[in-house]
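Reviewing the structure listed below.
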């Protein structure tokens, strides 16, 4: 069986790539550039991870998303910087989720990947969803996966399906899985910003740092 990985270069998608190369034939890694602040770092991380596993890498340009988007991820708003104690606060988490929400991003990316998958004869699209963020990002949820697969049954002739090896895991469990898979941590970029070093204070950095400690002090 052949598959395509939606690869941002971050924790979840990197672990899905590491798992995917052991589970099926990965034909392509796709990275989206929609004008996000971390686009350059994400593309570089995804390219390095793809090269590490010997997989072809391609960048898909989606400039219109930045033109219509008012998300903090594209710089239209200031990035939220929640304290670690706020990560499990449902009100604060819902607020930060709204700030970084990109309209229909995962729905769009899955369908772009489906075009490539069908053209390349791939049966699976691998995406890095997770249980922790599904609480406030519906496009990480099992319901989203079921719905998009129902749609793909009609929009593709070959019955392509989206799978995620991390969807039932929280961030600490994903870090632990990455450790078991021998993920090259130095190649991963999870920060919402695109500086020389991870900022350490955006929500993505906070969640990764907490996950590392929960997984036993993993050095990522």
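Each residue, glycine too, has its Cβ placed from N, Cα and C.
Over in Swiss-Prot, the protein carries these features:
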- 7, 8, 9, 10, 11, 12, 13, 14, 15, 16, 17: ATP binding site (BINDING)
- 191, 199, 202, 205: Zn(2+) binding site (BINDING)
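The structure, with features from Swiss-Prot marked on it.
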{"residue": "7", "record": "ATP binding site", "Cβ contacts under 8 Å, 6 or more apart": "13, 14, 17, 29, 30, 31, 46, 49, 50, 57, 128"}
{"residue": "9", "record": "ATP binding site", "Cβ contacts under 8 Å, 6 or more apart": "31, 41, 42, 43, 44, 45, 46, 48, 49, 187, 188, 189"}
{"residue": "15", "record": "ATP binding site", "Cβ contacts under 8 Å, 6 or more apart": "128, 165, 166, 174, 177, 178, 181, 183"}
{"residue": "191", "record": "Zn(2+) binding site", "Cβ contacts under 8 Å, 6 or more apart": "38, 41, 198, 199, 200, 202, 204, 205"}
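In the three-state DSSP reading, residue 191 (Zn(2+) binding site) counts as coil.
Counting other Cβ atoms within 10 Å of each Cβ, the binding-site residues 17, 202, 205 show the lowest value at 205. Most buried of the binding-site residues 11, 199, judged by other Cβ atoms within 10 Å, is 11. Apart from 7, 8, 9, 10, 11, 12, 13, 14, 15, 16, 17, the residues listed for ATP, the same chain places the Cβ atoms of 46, 49, 128, 188 within 8 Å of the centroid of those Cβ atoms.
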